[in-house]
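For 20-42, 54-79, 91-113, 133-152, 188-213, 234-253, 265-286, the entry in TrEMBL reads transmembrane segment. The domain 'G-protein coupled receptors family 1 profile' annotation in TrEMBL covers 34-284.
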Amino acid sequence: MAPTFLLVGMPGLSAVPSWWTIPLITIYLLSALGNGTILWVIALDPTLHRPMYFFLFLLSVSDVGLATALMPTLLGLAFAGVHAVPAPACLLQMFFVHVFSVMESSVLLAMALDRALAICRPLHYPMLLTNDVISKIGLAIAFRCLGLHLPLPFLLAHMPYCHQQVLTHSYCLHPDIVHLACPGAWSAVYSLFVVLSAMGLDPLLIFFSYGLIGRVLQGLGSSEDRWKAGQTCAAHLSAVLLFYMPMILLALIDRLRVPVPQPAHTLLSYVHFLLPPLINPILYSVKMKEIRERILK
């Protein structure tokens with residue numbers, strides 16, 4: 001592996017790097033403030049120590065971690081136009097970006113399971129999601145994120161590279177680095193499996209859960225009951241679409257080779273990583289009455 005990787009900033013902004021520092025820093029500070037507020041409220045209020053809010057707590061942790069992991073190279077490009085990143089630092093950023101990204105995906109899946117059980121099995125819900133079960137789910141999420149991704153930086157560090165080490169984003173991502181490897185590098189297979197096992201499987205299970213929820217809602221007697229039950233899922237479903245839709249669009253663009261301008265492609269990548277940490281606290285503050293009331297207090 002070469003000692004450095006070269007990052008590509010937002011096309012068209014390289015000549016005016018100071019322009020996009022303002023929205024970048026603003027987005028990060030608002031994300032940290034919003035998610036920090038939710039973390040503070042849930043941690044200090046014993047009445048919110050329930051499964052739904054435990055998962056919301058983990059979601060805020062993943063949002064803050066994801067936004068923070070992206071900032072070093074983004075700010076380096078924005079303030080100083082630093083394109084060269086040492087390989088160890090690049091692999092470390094890649095590790096944390098994907099750990100927190102998969103953590104967010106895993107938490108969204110756990111929240112979908114929580115909502116499905118609450119609506120489809122309301123009488124059994126307290127017995128199914130006990131504190132012991134919630135703790136095991138939390139440990140499973142931690143093992144999935146750290147255990148599967150820990151070997152990746154070491155495998156990528158020892159892979160042979162046959163292409164110029166220029167990445168296509170403003171941060172180090174796994175697909176970018178793997179595409180630079182020589183054909184037939186065996187560790188690329190493991191790398192691909194780790195990423196697809198989360199980002200490919202989780203959306204399918206989430207939408208399957210919502211299929212079950214939709215079937216139960218159709219069987220409810222009145223439209224008012226359906227509306228009340230649906231409102232409990234509104235914030236989570238919005239967070240799911242916000243997180244997965246840009247990623248799915250990027251995958252389709254790459255897979256189908258759609259002729260999308262590079263600035264639009266790069267902007268969609270920024271939306272995928274930076275918009276959920278900014279919008280999720282607003283969604284849950286607006287849609288969840290208990291969170292909103294405690295924030296106002």
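A Cβ is built for glycine as well, from the same backbone N, Cα and C atoms used for every other residue.
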Report, as numbers and ranges, which residues of the same chain sit near the transmembrane segment (133-152): CB under 8 Å and 6 or more residues beyond its ends.
51, 54, 58, 91, 94-95, 98-100, 102-103, 106-107, 110, 174, 190-191, 194, 197-198
Kindly state the mean pLDDT of the domain 'G-protein coupled receptors family 1 profile' (34-284) in the predicted structure.
84
Taking contact to mean 3 or more CB pairs closer than 8 A (sequence separation of 6 or more), are the transmembrane segment (54-79) and the transmembrane segment (265-286) in contact?
yes
Against which stretches of its own chain does the transmembrane segment (91-113) lie, if we need a Cβ under 8 Å and a gap of at least six residues from its ends?
52, 55-56, 58-59, 61-63, 65-66, 69-70, 72-73, 85, 137, 141, 144-146, 148-150, 152-153, 156-157, 171-174, 177, 195, 198-199, 202, 205-206, 209-210, 236, 239-240, 243, 273, 276
